[in-house]
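Look at TrEMBL and you will find B:6-27, B:47-66, B:72-93, B:100-119, B:139-158, B:170-192, B:207-228, B:240-260, B:266-288 tagged as transmembrane segment.
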């Protein structure tokens, strides 16, 4: 069916853009390290700009994927990027991939397959009018208000004081902004269809929604972009990405669940499958990161006489 | 339906007997250590006998589970025993459960849920006559011949020479014996129904099959029992259990697949789901074991300036 092939295309785009996104952090980090080594700013480094380009391409890919497949499926698939990022980092940054890293890669793949098997097979919001209704839903409005208050507190007060010592501040900011970017991506596709297909003068409502969502998306991406780079300057890319992945994905799934009600069409077993798949992927991402932060020493004495 | 409730009971028994089986290794190990400390044989230690009793109860539970649910589901659920064993070991043997051990526990649970979701929902072999046909299937006979030859080579030749230095020898013996014990358990249930319900004098065939399977089961369990204790005397229980779990489960799934053709009733997605679930559980078991063999040292220098 058409719905089915749209989903397949969405999953395909999501996987490819995950790989592109996976290279982003590594290339930017490589650029920052190279620039630091030669005493220049990273804005003059071409590898850093490749990373930034990859980020833009990856974001466009994400945008397309979010419009073709459910958010609960596209977001966790980002783990495949972490996998690719780890492989690329072991090559470009000479970050060693040990047994834990390899197990983490296996888990990212297994968890992603389970997620794909159990994800919702069709969209719950299919038109702009439906989207407008959902955006004005009191539960969603309360959630958004809470997120905005949290963001103001984090950016205005906690970030200057604790940003450089506590990784959760930057992770929190970037993840909460995901509550806006992902629904904006999905909404933009729906609004664009109506805004550009109908009569411009009479269909003002669709155009306003389109411009409003576009503005939200641009502002959010710029803030995210700023804080990701601040985080990368202060923390290890491994540490940041692991925590970021889990918190960001949870935050996006929560926002999508409230806005698009993707869970309503799912049975109990599928919900359970998604939960297990997401947990497996999260453990995989964590392992990949632990493997790059920790040194494992075997205790050979214990294997004979414990 | 009746089929559904039988499956639920089977899964329930499988989970409980996994927990009982999980305590086996820990209790026997504790007994061996206590006996070694006081200079006695472990045959005089009551904790060792508790472990042996738990093994018998666990085996009976397994027998019942194999008769109520597919082997492809019951065998991997044994991972829950590894989880319980790890928790018990951290309490009785003071084996510390670190972050990797905890992640391993989470993976065992997630993988088990995925396995339960995707496992076959009904039995493919439902009568003794069908079982006899399957047992005489040329593919199964060839597989059994191969396993017997391997076992003769392992027990007669490799075990005296390499048993104490290479963990795979004992693991191989115990796992290959699983190819006999698990189908015997399932077959015994089917054969018992016919052997004890019909007329004794005319239904000799069922009685012969029953006695034959019972003999195979007893001989296999005794050999397994001997080599598990040999392995525990020479290797760490963690190391042994991790490798044993993966090899044993794969061997049982292979034998069941050939004998009961449980896979034929499954769709592609369910096969994929089982594969992912089993891989997740295997990684979980491996992590639990790595966590008890390895010391993790964090590299705090890298978290600030990498």
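Cβ coordinates come from backbone N, Cα and C, glycine included.
The stretches the transmembrane segment (B:6-27) and the transmembrane segment (B:72-93) meet in space: the count of Cβ pairs below 8 angstroms, excluding pairs fewer than 6 apart in sequence, reaches at least three. Long-range Cβ contacts of the transmembrane segment (B:240-260) within its own chain (Cβ-Cβ under 8 Å, at least 6 residues beyond either end) map to 25, 70-72, 75-76, 78-79, 82, 85, 123-125, 134-135, 137, 139-140, 143, 147, 167-168, 170-172, 174-176, 178-180, 182-183, 186, 231-232, 278, 282, 285-286, 288-290. Contact between the transmembrane segment (B:266-288) and the transmembrane segment (B:72-93) is supported by 3 or more Cβ pairs under 8 Å, counting only residues 6 or more apart in sequence.
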